[in-house]
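Lifted from Swiss-Prot, the feature list:
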type	residues	note
BINDING	Thr65, Pro66, His67, Gly68, Glu69, Gly70, Lys71, Thr72	ATP binding site
Amino acid sequence: MLTDMEISSRASLTNVAELGAELGLLPEEMLLFGSTKAKVDLSVQQRLAGQSRGKLIIVTAVTPTPHGEGKTVTSIGLTQSLKAIGKKACACIRQPSMGPVFGVKGGAAGGGYAQVVPMQELNLHLTGDIHAVSSAHNLGAAAIAARLFHESRLGKVEFEAQSGQAFLDIDPAQIRWHRVLDHNDRCLRQVQVGLGENNGPVYESGFDITAASELMAILALSANLADMRARIGRLVLALNRQGQVISAEDLGVAGAMTAIMVDAIKPTLMQTLNGAPCLIHAGPFANIAHGNSSIIADDIALKLVDYVITEGGFGSDMGFEKFCNIKVRQSGQVPSAAVLVTTLKALKANSGIESDTDINTPDEIRLEAGFANLHWHINNVARYGIPVVVAINRFATDTEAELQWLINAVNQTAAFGCEVSDAFSQGEAGAIELAYTVVRAADTQSQFRLLYPDDASLEAKLSTLAEVGYGAAGISLSDEAKQQVREFTSLGYAYLPVCMAKTPLSISHDPMQKGVPKDFIVPIRALVLNAGAGFVTALVGNVMTMPGLGIKPGYLKIDIDEAGEIIGLG
């Protein structure tokens, strides 16, 4: 079989202007980037304000493993197959960060014959949205540092006289706005800034990956440009010496930060291998952020097509949970059905049983033990009142006997249905039955419900997520986290939903606990207020907001050939 890059490079593409017209966009609603991609102007939202809405399908997965479950492959394959059976469909996915592209995970365009193309354009830069987020974020960091410098240098009276601005009295120990970078670089996690003569005051800071920036979450959760501007104004950059919030609006930098992102708020239109439309927008990670593409992209697509396929990052305890409790809570766009992706390899890897047997070899004991993980995720999705279809992403080494065993086992659960998907190897033809089953599931009446109400306390929300969302015995709050619960509550932010930042490699906080962990306590070491995005992040265990590169990083495989074409992406 050809590589992903070879398949992408040989694809016959529809000109993006024609693709947009087929989708229902007007020429003036598209800003073309050559013939392969276009920005979609938000004026389409006003033009279609009264349009009836399509059905939203959320794709999630079992607990991730190093073998890859194929969630994006399934999302794109399903979109292609819906088109093949005569349904008007559109995928809405996140823009890939270059951190994972050059790190371990690789690209995020799908794979095989279920891809967004050209895949190299999607995986590297696209239309520059992530760079815009980085620049806007770092402007905020530069602004707070400069304000601290000048206030410290001049004092209150002289600063106000010379600048005409109010003295903010910034507490250097309470500057909460790090800088960001779209790469994995562990050495920047903790830094001192302001070193050297006339560069201070010195204070502790750090870098996060851009996907963890609150601005990225704001981009994904804003309803329109005015909403994004208001959210950026609410960003908490620091506290003053009296413990009061200093926002981006207080600093006078919110307008400029918004100006940098004025084009980033527009989704990018691309296509799948069979010419189905795909809107790419925003890129928050699901382990350290809320892990879903934008509300704006969903809103536009739902007004133009019958079925919108979107996905939440990692397993259903991560991106799907945050899709429900954060994204849907803010958007009101309720899903009609969910697709839960699994593989035979994933279940064996999640069995918790050590074995010398190759993961591709039939192993009834590990498969049955690992099924508990899939069963947990089925029940987790069903907990939100959404019909769930299990999609088994077939690998070439899978046996018919094990596939049939798994289908029979799934049919004894709360799942609406179960289908094997060959989208990777067969493209649109490989997920036809999955498409029909998803359509039937979406036609049933979804009884969507949130996991907790807005008016629950922060501690109650944390407990509910741990105990109901993960099956934990409870939570433990560090002294710092307890103080932050009190602080955020006193500042009036207890109504916000909670975003758990934890490992994606286990339902629990411990990546070594496979399958369905029990009797564990979730350790919450700190909270982060994201007043602009509209949620409180809980840092669980040792999760990092700046990843590091591994011993065999992905960049080792990436190069250009003699013709100047990029090779090694995938």
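Note that Cβ sites are derived from N, Cα and C of the backbone, with glycine treated the same way.
Features per Swiss-Prot, on structure.
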{"residue": "Thr65", "record": "ATP binding site", "Cβ contacts under 8 Å, 6 or more apart": "Lys345, Ala346, Ala349, Asn350"}
{"residue": "Pro66", "record": "ATP binding site", "Cβ contacts under 8 Å, 6 or more apart": "Ala349"}
{"residue": "His67", "record": "ATP binding site", "Cβ contacts under 8 Å, 6 or more apart": "Thr343, Lys345, Ala346, Ala349, Ile359"}
{"residue": "Gly68", "record": "ATP binding site", "Cβ contacts under 8 Å, 6 or more apart": "none"}
{"residue": "Glu69", "record": "ATP binding site", "Cβ contacts under 8 Å, 6 or more apart": "Ala61, Val62, Val341, Thr342, Thr343, Ala346, Asn393"}
{"residue": "Gly70", "record": "ATP binding site", "Cβ contacts under 8 Å, 6 or more apart": "Gly111, Val341, Thr343, Asn393, Ser421, Phe424"}
{"residue": "Lys71", "record": "ATP binding site", "Cβ contacts under 8 Å, 6 or more apart": "Val59, Thr60, Ala61, Glu311, Val341"}
{"residue": "Thr72", "record": "ATP binding site", "Cβ contacts under 8 Å, 6 or more apart": "Ile93, Ala108, Ala109, Gly110, Gly111, Glu311"}
